[in-house]
Amino acid sequence: MSLLPPILFVLIVEMAAACHLHPGFYSQTCPKAEAIVRNVMKKAMIREPRSVASVMRFQFHDCFVNGCDASLLLDDTPSMIGEKLALSNINSLRSFEVVDEVKEALEKACPGVVSCADIIIMAARDAVALTGGPDWVVRLGRKDSLTASQEESNNIMPSPRANASSLIDLFSKYNLSVKDLVALSGSHSIGEARCFSIMFRLYNQSGSGKPDPAIEPGFRAKLDKLCPRGGDENVTGDLDATSRLFDNQYFKDLVAGRGFLNSDETLFTFPQTREYVKLFSNDENEFFKAFVEGMLKMGELQSGRPGEIRTNCRKVNGQAVDV
Ligand code: HEM
């Protein structure tokens, strides 16, 4: 939640150009791969509708930290503190078991072929398509990392308190434009967030001892009830008014002062991002188009470091089980 070392950004942006991802990467080696992923995601959604949103979030938290390499999925070991317990992830990222289930099905069909990093990319796309959003062709062929870094995740991932100008800066370091930032934030069209992420906003915005004035009063009363001072901060609320549907309601909510997170509402408060919020709130097709572009760009981020195809997404190959 502080600044990312500039060297890391240079690395990510430079290496992005060197990657060899392409559509249909598994068409010879595992022709059913994409159908298998979608099928498991469909079942997960029926079992627990929120789970597909939780899995979709993995793409952001994986790709921003050393590229899309499934580093996020590695469990801690005695010699490596991974990313699962990083500030933005602890008690927050969830539904790792859905990825395990996808991986198991893929290992059965074609052992050792499909990377966990590609699973995240396919599953994120499927989450959007299954909840009523756009569907698109993904480029595949990523490798899984041999390590993970809690520290780098802590340094990079933005806080829910972030304002639009810090988000613009962060995204620009990944070659993601202001339009990409606003469109990708539209991922909050599905899913939920904890009271923990908005307590400051409700009761002490910027140390003022007062709520964020950008919150529409009726909505604030609702949030105050959901998240009372001293209450259970693990209680969750919907990120928009239609949290199981991928649509442009999120942007309509922002225009109405009904954004859940500070990092959401700030996109309407700030002049540089406001026009895109307005555009997407009025034109769902424009949102869908920009969202797909943003997801494809984010999916290209690569570290260029050596990798492998893990057989278990939680562990590097050759690592003893239960260490
Ligand atoms: C722009 C900067 C962003 C910030 C500051 C941010 C922050 C957050 C926070 C604080 C939560 C709730 C965590 C909790 O309370 O436990 C959340 C949830 C979520 N985020 Fe973001 N996010 C951002 C961008 C993105 C992007 C780019 C994506 C995906 C493309 C994404 C996908 C999601 C999803 C789907 C959820 C709901 C997950 C669930 O229901 O389990 N977010 N985000």
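Even glycines carry a Cβ here, placed using N, Cα and C.
The signal peptide annotation in TrEMBL covers 1-18.
Residues or ranges marked as domain 'Plant heme peroxidase family profile' by TrEMBL: 20-317.
Around Arg57 (site 'Transition state stabilizer'), the same-chain residues at least 6 positions away in sequence with a Cβ under 8 Å from its Cβ are Leu93, Ser187, Gly191. In the three-state DSSP scheme, Arg57 (site 'Transition state stabilizer') falls into the helix class. According to TrEMBL, the feature site 'Transition state stabilizer' maps to Arg57.
Residue density at His61 (active site, proton acceptor): 21 other Cβ atoms are found within 10 A of its Cβ, drawing on all protein chains shown. Feature annotation from TrEMBL assigns active site, proton acceptor to His61.
Annotated Ca(2+) 1 binding site per TrEMBL: Asp62, Val65, Gly67, Asp69, Ser71, Glu83, in sequence order. In the three-state DSSP scheme, Asp69 (Ca(2+) 1 binding site) falls into the coil class. Sequence-distant neighbours of Asp69 (Ca(2+) 1 binding site) (same chain, 6+ residues apart, CB-CB distance under 8 A): Asp62, Ala117, Arg142, Lys143, Asp144, Ser145, Gln302, Ser303, Arg305, Gly307.
Under the heading substrate binding site, TrEMBL lists Pro158. Within 10 Å of the Cβ of Pro158 (substrate binding site) there are 17 other Cβ atoms, across all protein chains.
The heme b binding site annotation in TrEMBL covers His188. Around His188 (heme b binding site), a 10 Å sphere centred on its CB holds 24 further CB atoms from the protein chains shown.
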Residues among the binding-site residues Val65, Gly67, Pro158 that border ligand 1 - Cβ under 6 angstroms, in sequence order: Pro158
Three-class DSSP secondary structure - Pro158 (substrate binding site): coil
Structural state of Glu83 (Ca(2+) 1 binding site), classified by DSSP into three states: coil
Cβ atoms near Asp62 (Ca(2+) 1 binding site) (within 10 Å, other residues, all chains): 29
Chain-mates of Asp62, Val65, Gly67, Asp69, Ser71, Glu83 with C-beta within 8 Å of site centroid, Ca(2+) 1: His61, Cys63, Phe64, Asn66, Cys68, Ala70, Leu72, Ser145, Ala148, Ser153, Ser303
